[in-house]
Amino acid sequence: MTHLFEGVGVALTTPFTNNKVNLEALKAHVNFLLENNAQAIIVNGTTAESPTLTTDEKELILKTVIDLVDKRVPVIAGTGTNDTEKSIQASIQAKALGADAIMLITPYYNKTNQRGLVKHFEAIADAVKLPVVLYNVPSRTNMTIEPETVEILSQHPYIVALKDATNDFEYLEEVKKRIDTNSFALYSGNDDNVVEYYQRGGQGVISVIANVIPKEFQALYDAQQSGLDIQDQFKPIGTLLSALSVDINPIPIKALTSYLGFGNYELRLPLVSLEDTDTKVLREAYDTFKAGENE
C-alpha cells in the first residue's frame, strides 16, 4: 500500500475579504500551491480557522478546492470535532463532495480516555469508509493519542496516517515501534522539526509555512530522500520560521498569504492580526528569504 502522500501537505489558510470567504483568492492560492509542488492540500483544519467557519462555508471551501485540484493531489478535509456523531456527519458530507481523505483531531474540552479515543475514531472510520489521518495536537486539545492507541487504530483498514504535532521524538519512536510504516504514514505537524523528523523516518509534514514556500519546503523533503544532508538547506527556512513564531498560528501566516495577494490580512475573532510593526518585520523576513534564493 502506498501512503496518502509523501512530502509536504499544506494546511490551507482561509482568505477573507470584509469577513467573507474570498473564493477567488482561495482559488489563486490553491493554484499557486499546485504550481509549486504541494503534495496534498488539507482544508478546514486549524490553520483554516475552522472553529469560526460555518458548516455552509466549510462545504463551499471544500467543494471549491476539490473541483480546482481535480485529483492532481489528495484533498484532505478536516472534519473532526469533540462530538462523534457530528464528526461522522461532517465526514460523510466531505466524502460526498469528493474529499480523498479526512483528518480527525482528538476530542477537546470534554476529552475522553484512550478507550474512548479508539471507539471515537473507529466509529467515524467505519461510518465513512474514507482514509483517515489522526491528528494529535496536545498543545491545543490537552489530550494525546498514546502510542499503544495509535497501534490499535493503525490496524483499522481506513486509518492510514498520523499528524504528529507533539514535537516529541520519544513519542515518535514509540509510535514507530508499534506500526507498519509501509502502510501507515507519520506526518510531522511542526514545521520547525522536519529535518530530524525526516531523519527518523517520517513520511512528510502537514505544514503551515508551505502556504507561502511550498516548492522550497518540498525540495527539502526531496533532498532528504535523495540521501543529502539538509541541515544547511533548512537554515534560511528556519530563520523564516523563527519570524513566523511571533504569535499563534494562523495569525502570522496570514500576514504572509495576504502579502502574496491571497485575500486581505483578516482573521475572525477571537483571533486578531499582528501589530503593524510585527507584520512589517515578518514580511521583511519573507523578502529576505526570497532574496536569498536568488543569490
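All positions are counted from 1 along the displayed chain.
Even glycines carry a Cβ here, placed using N, Cα and C.
Pulled from Swiss-Prot:
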SITE      Thr46  site 'Part of a proton relay during catalysis'
BINDING   Thr47, Ile206  pyruvate binding site
SITE      Tyr109  site 'Part of a proton relay during catalysis'
ACT_SITE  Tyr135  active site, proton donor/acceptor
ACT_SITE  Lys163  active site, schiff-base intermediate with substrate
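Among the recorded positions Thr46, Thr47, Tyr109, Tyr135, Ile206, the ones whose Cα sits within 10 Å of the Cα of Lys163 (active site, schiff-base intermediate with substrate) are Tyr135, Ile206. Non-local contacts of Ile206 (pyruvate binding site) by the CB criterion (under 8 A, 6+ apart in sequence, same chain) comprise Gly9, Val10, Ala11, Ala40, Ile42, Gly45, Met103, Val133, Lys163, Tyr187, Ser188, Gly189. Rounded to a whole value, the Cα-Cα separation of Tyr109 (site 'Part of a proton relay during catalysis') and Thr47 (pyruvate binding site) is 19 Å. Packing around Thr47 (pyruvate binding site) is summarised by its Cβ count: 23 other Cβ atoms lie within 10 angstroms of its Cβ, all protein chains included.
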